[in-house]
Structures are given as C-alpha cells and as structure tokens.
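Undergrad: Pulled the feature table from TrEMBL, pasting it below:
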type     : residues                                                                        : note
ACT_SITE : His180                                                                          : active site, proton acceptor
BINDING  : Gly14, Cys15, Gly16, Glu17, Val18, Gly19, Asp39, Asn100, Val123, Ala124, Asn125 : NAD(+) binding site
DOMAIN   : 10-147                                                                          : domain 'Lactate/malate dehydrogenase N-terminal'
DOMAIN   : 150-311                                                                         : domain 'Lactate/malate dehydrogenase C-terminal'
Amino acid sequence: MAEKRLKTSIAILGCGEVGATLAYTLLQNPICSEVILVDPKKELLEAQVRDLGDATYGSRATTKIRAGTHKEAGQADIVVVTAGAKQKPGESRLSLLSRNLHILSSIFTSMSPISPHTILLLVANPVDILTYFARKLSGLPESQVLGTGTSLDSARLRGILAQKAEVSPSNIDAYVLGEHGDSQFVAWSTASIGSTPLHLALPNTLTEEFKTEIANHTRGAAGAIIAAKGCTAYGIGNVAASICKYILFDGRTVRPLSFYQSELGCCLSMPAVIGRTGILRTMPIQLDQEEQKLLEDCAKGLRAVIKGAEKELKADDELSQALEKHA
C-alpha cells in the first residue's frame, strides 16, 4: 500500500486530439507520478510523447510522460480510453459501434490481466454504450467502470446559466442527465443557484422557450465545434482530467457520470459520488413526472442499441468461426 501512495499512474489509450490534450492537462496540473500513453500508431505515439515531454522542460512539472504497452496500462491506477474509430460517410451508428466494440475488445485482451484496483474511465463515443460493454470485457467491478457521460454537457449548462444569472458557474447546481447524445435532458426541476431553486432565482427568465433554447445549446454545442474545427478536445480533456483528480485524491465529489443503472438495464448519466474506488454511491435525485419519462425513454433507446450491437457482434463471431473452419 505504501508504494501505491508514493507512485500513481494514469494510462491514456489513444493519443489523438483528446488523448494528447488530456495528457497535456495532466502534465500542466500534476495529480500523478506518471502518464503512460498507449497507441498502436508507433510513429504518432513517439512524436506525441516527445512533444509533450518538451512541454515539461521549462516548467516545474513533476509528472513524467512515457510511451507504454497495453500490459503496462492494465496496471495503472486509472485507465482512460479515448481510442475509437471515427464515423465514415454514410456509415450507420450500429456499424460504427460494432467497429468500436471490436477495438474495445482488443484493448482489454491486450491489457489482461487488469489490476483489480484499476479504475476505468471511458471517454470514447458512444460513451454510454461503450461503458456498458466495458463492464463485461474488463472484468472489473461495476463501481470501477465509468464514463464521462454528460459531465461536459452539464458544465456547458452551468456556464450558460451562470451568464444569464450573472453569477459564478460554481454556484450553479444543475445537471444534464441520461444519454450523452440526442436523448439527453436537463433536470430543470432540481436546478438551483446556491440554495435558491432556479425558478425563484430567474423568475422572469425561466420560460419554456428559454428552457428549450438552453437544452438545445447544451445538446448541440459539440456538433457546432466539430463542424467548425473537426473535433472537440479541450473541454472533454479538462473534464476527464478533473474526474481523474477526484478519483486519485478521493475527492468524494458529486458529478453526473455514466455508470450501470441496474433498474434501467443500461449505462447512462446520473449524479454520483466519485472517489478513490470509483463510484462510491449514487445520489438520489427527485425528477418530475416529465423528466422521469424522458429518463425511461432514454434508457429504452440505449437498451435497443445494446441489443442491436450484441446481435451484430454475435453475427461477426459466427462469421469468423465459419471462416476459420473453411480456411
């Protein structure tokens, strides 16, 4: 245990835009002893490690960065999965998901055996579906497998509400819940500024039109950024780094994270206390009737995608076995 306290490591699987941004954030705001980058593209991996290493020379950074293997990553305190295939023109969501699940399966096969103390953080999309399958593929307890979920969406919500209310975002208590995607929703009934319910803090502003505008903004923000620059990296990189900090420092912070909801049969975002062993406990939230229905509809949609993905994976396995027999 003494060695664990003295040396902590975070492994990042995938060193594209998001992975590299997360690594840079962890170097500039040190929370661990070393960052391990893993990527099958060896030239890119080496270049990212050298470039990120250069960023530490002129500062007082104490965190070291190096390239590593999947085996080494499997022994890290936290493994962050940013690796994933990008959607091809005309490709269906299920087809993309199938490719990403094969990538995920390959990752866990290469990492095996994973340390029983490792916390797994999924960033790659579709994050809720990948988090669901990562539970099975990793063999880790459900409390140690989580996704960033609607953390960034909720941060955007707090930011825009803070502007409207002219207060600090840290004083806004409001969540985007459900899927990190089209079926996400804002839990307006529980939102507050300080201890004041939102409908009292913004009595003349909180109209249905206002709610729709804000919900659309939080839902569509990523798409607008991707359309203009090709990807989102800084926001999600910072959010992922914050989650890593809450875990390693046992922050016991409440955040909306994607994790397995047994009563809903899928992974989606709900408020939870996060600390050194992952999800410490869920935080009950009292939704109104309309929000509860949105949550249930969201779960129903995710379960349908999971079912479709499982069928596609089974078909792929059967095809592979048939090809092997006739090889």
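Glycine is no exception: its Cβ is also placed from the backbone N, Cα and C atoms.
Remember, predicted model here, so these are calculated numbers, not experimental data.
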Undergrad: Please spell out the DSSP helix, strand and coil residue counts for the domain 'Lactate/malate dehydrogenase N-terminal' (10-147).
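TA: Here the numbers are 66 helix, 24 strand, 48 coil.
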Undergrad: Let's check the environment of Asp39 (NAD(+) binding site): how many other CB atoms sit within 10 Å of its CB?
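TA: I get 22 for this one.
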Undergrad: Pairwise over Gly14, Cys15, Gly16, Glu17, Val18, Gly19, Asp39, Asn100, Val123, Ala124, Asn125, annotated as binding NAD(+), what's the top Cα to Cα distance to the nearest Å?
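TA: For the residues that bind NAD(+), the greatest Cα distance is 17 Å.
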Undergrad: A 10 Å Cβ contact count, applied to the binding-site residues Val18, Val123: which residue has the minimum?
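TA: Output over binding-site residues Val18, Val123: least Cβ neighbours within 10 Å is Val18.
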Undergrad: Taking the Cβ of His180 (active site, proton acceptor) as reference, which residues of that chain separated by at least 6 in sequence fall under 8 Å from it?
TA: Asn125, Pro126, Val127, Asp128, Gly147, Thr148, Gly149, Thr150, Asp153, Ser258, Ser269
Undergrad: So if I measure Cβ to Cβ from Gly16 (NAD(+) binding site) and keep only same-chain residues at least 6 apart in sequence, which ones fall under 8 Å?
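TA: Listed in sequence order, they are Asp39, Thr82, Ala83.
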